[in-house]
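Comments concern the structure below.
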Amino acid sequence: MKSITLKEALIQLKKGVMTVKEICHACQQRLEKTRKLNIFISETQSEDLLRQIQSSEQAYVKGTAKALEGIPLAFKDNFCTQGVHTTCASKMLFNYVPPYDATMVTKCKEAGGIIVGKTNMDEFAMGSGSLDSCVGPVINPWNLTVPTSNSTETASCSEISANEVSPDWYIAGGSSGGSAAAVAAGTCLAAFGSDTGGSTRNPASHCGVVGLKPTYGLLSRHGLIPLVNSMDVPGIVTKTVEDSAIMLNVVAGHDIMDSTSVSSTHSPFHISRDLDLSKLHIGLPKEFQRLEMSEDVLLLWKKTADILEKAGAKVSEVSMPHAQYCILCYHVLCCCEVASNFARYDGIEYGLRYGSEMSTEELYAESRHKGFNNVVRGRILAGNYFLLKKNYNKYFIKAQKVRRLISNDFKSVFSSGVDLLLTPTTLSDSPLHSWFTQEDNRTRCEEQDIFTTPANMAGVPAISLPLGLSKQGLPISLQISGPYFSESLMLSLAHWLESQAQFSHLNLEFLDQAAISSNIVQ
């Protein structure tokens, strides 16, 4: 289990080399040993976990194993899970237990997947650090092996497990930081996040794993508690590109429960083993060459472009002139949809109810004040301001027009003969908590999401994959994006780059040697 991938696990399970119990036991050990990284909000009860394990083992014995049979999976805690708390890392929903499963959860269960827990996140997915959670921040697993800039020694498990965490630790990214950290730490073999402005790709980049944002509508949003309906997409986090392809083929497809789900049928997504790079035209958007970009990221971007060109691909600079307005446009549209979506949390029909002997207006105000953090309340207030009659055309309508221009930039580039775009995922490697918290949530989101948000605005697919390490020894990633439903081509190029880079995933072998005393599945 030291470095096993989802694909390798399936092969070994089918051959009988490993059992479902052994794989789940190893993941549970990792979960226990990294508990203080605060990766999970809730964990599957041991009785239910054992029942799932036994069911999967019987399937292998009978020869009826399905696509994900016996594979440990995790879900971000904004996916509804029947009979299991779904909190969105917020006091507002801390006691909410959904009566149904999200479609992504249902499809994974039907494919034999074993759900080990619900992962931590920024409250209601509003953030890029996984710091704004009502249960505390997610700590990047790379802290276990990489020293901080203010220390000459590697952080040990005991240091990370302390109740008072040093301000000098590397963040996991967000808002799906728990899902990315869960895969990086080996507590599961794949996890789901949500991606509205980069919330799957950003933490995947910081944690050194693969983060896939499919075409909008390809994966059902049913049961994914909404942030921005017009941009929300379930995201997939895995260790390798091949694992992402396996997961995508399980969960993609039309869902009558989601009105934005694409109705057209699609062929299974596959990775081409004989990708002809000479037939590929790769675009490098010149607007993405930011002064704030770290030297490590810039060098990796240029080096990767050179590798592609030497391998036969056509690589050229392209222009996406409206990309510079993406973050401001996203902020307006996000806040407007948040103001609408979050009106349901009133303390009467839905969510936390605070106080009883007060007027309806007071109950409404107090419940929302106590239930939401400052970030959520701020976005609601901003959205209501943008939607005022006097501001509607000035902000909301104008932002919608800019969004169309951003989408047209993608269409223009792809119609000009460019097959895929290659960009950075983030400006740098994982920032230190002490640096990240010097600015407010909105400022950091503007910085962290600058390369990822355009794909959400346009609805096109994008994948982030780790291709190198920074001078600090932390993962840095690049992003590939393509036209609608170009996942097969995108995955094929990502797999080729992955094979060239031979990225060294987080080595936590010392955790496998450490003793634990806990009640895990035996």
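Each Cβ is built from the backbone N, Cα and C atoms, and glycine gets one as well.
Among the features that TrEMBL reports, domain 'Amidase' is placed at 22-145, 170-491. TrEMBL lists K76, S175 with the feature active site, charge relay system. The active site, acyl-ester intermediate annotation in TrEMBL covers S199.
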Taking DSSP as the reference, which of helix, strand or coil describes K76 (active site, charge relay system)?
strand
In angstrom units, rounded to an integer, how far apart are the Cα atoms of S175 (active site, charge relay system) and S199 (active site, acyl-ester intermediate)?
5
Measuring Cα to Cα, how far is S199 (active site, acyl-ester intermediate) from K76 (active site, charge relay system) in Å?
11
Ranking the active-site residues K76, S175, S199 by other Cβ atoms within 10 Å, which is at the bottom?
K76
As a quick check of your reading of DSSP, tell me how many residues in the domain 'Amidase' (22-145) are helical, how many are strand and how many are coil.
50 helix, 19 strand, 55 coil
